[in-house]
């Protein structure tokens, strides 16, 4: 089966299974994760960091169902992603899939607001972000699951290179906010247009180009010889041409690139794209993140819909897979039916690899459970009064755990308070209650002689104003 080992069916002395019915398998499906409360604290912290950057760049959040029409992804046939989909026919006979990535959903939503003439009703540009869960059926390894969450930021409607500069600024701002430096990670930048011009000059047709890029993207994974073989077999590219393409992709600076292009007759588009790359590196200087960027002609990204600048973030120690990637995809919306090309730039930033990196670097803060109050009734008769106290504190915005079953020993109450990370205990006892008071014990106070106060019930809402000498 496609599940982890079950916990049920223990063996007896002779190795026979117990007569009892086996318990359920408690593992999540292979490649998927459970998020226990301590895991959710980390996940919420990471997503909070994503959202903080997105809002700082004036992006608006959106979301969509995880279940999509299979057709949405089949339109981009020829990609590995189509073979990795969790797709099936639903009970209504519709072919659906768990989304493997978010960009086609974004395209669908933008196009969902178009007029009959095919013009978008949206006022462009739009800057949207999302943190969707995506599903792909593939081999699991470090940093790669079958489900992951992905921070997506996209700018729709800006044709100029400033859109790429903004996306890269957002990524590097996220790194800087979390303490990840340009010594830890780098971002490789290239241009599909430049590569297209070079390949055209080497005899690769427009029809072959996207498929060749998908194969070349595997260079690090399968090596040069296997890439040459695949180009010959799948795209009918002559072996010498395939080898010269790989040679061109060894360029690691814009100067190298210009030397590679020197003997080739590049079209005006490709030449303009070289200048565009120079502008992007100049903008990175202005933004202050140039030390993260590197030109690398081998980066083409595996998705067929990219049309211009592409980029990929990597860990400089070489231990991890790509951290995030993206680029320009000006033709995707017209592929789905837009009457004109609508310029788009964006990136996807998965949660698995970045968490590996942050843990490796010791950059995940201790995220302990925190509760403001534990309300503890002295005995069963005080439970109703304790509930009134809990309600008053919650109304003031406090997080409150209510001990519904009073403990015989006060030590047990303190143990539980420590376990839930409570800052205060509100002890509701008959003596104080008769005077209209509740005893508040401050568990964070260093001064053990001045760590408790009797507070008037009506003043509980102002608990934040209490002073502890």
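Including glycine, each Cβ sits where the backbone N, Cα and C put it.
Bear in mind that TrEMBL entries carry predicted annotations, made automatically and left uncurated.
Annotated features, as they stand in TrEMBL:
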type	residues	note
BINDING	101, 102, 103, 136, 150, 154, 301, 305, 306	L-histidine binding site
COMPBIAS	1-21	compositional bias 'Basic and acidic residues'
DOMAIN	31-365	domain 'Aminoacyl-transfer RNA synthetases class-II family profile'
REGION	1-24	region 'Disordered'
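Positions of TrEMBL features highlighted on the structure.
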residue: 150; record: L-histidine binding site; Cβ contacts under 8 Å, 6 or more apart: 101, 102, 131, 132, 133, 134, 348, 349, 350, 351
residue: 301; record: L-histidine binding site; Cβ contacts under 8 Å, 6 or more apart: 192, 213, 217, 310, 312, 325, 326, 327
residue: 306; record: L-histidine binding site; Cβ contacts under 8 Å, 6 or more apart: 192, 213, 300, 327, 328, 329
Averaged pLDDT score, the domain 'Aminoacyl-transfer RNA synthetases class-II family profile' (31-365): 91
Secondary structure of residue 306 (L-histidine binding site) (DSSP, helix/strand/coil): coil
Assigned conformation of residue 301 (L-histidine binding site) - DSSP reduced to three states: coil
Structural state of residue 150 (L-histidine binding site), classified by DSSP into three states: strand
Cβ-Cβ neighbours of residue 103 (L-histidine binding site) (radius 10 Å): 20
Number of Cβ atoms other than its own within 10 Å, given for residue 101 (L-histidine binding site): 19
Site extent for L-histidine, whole Å (max Cα pair distance, 101, 102, 103, 136, 150, 154, 301, 305, 306): 21
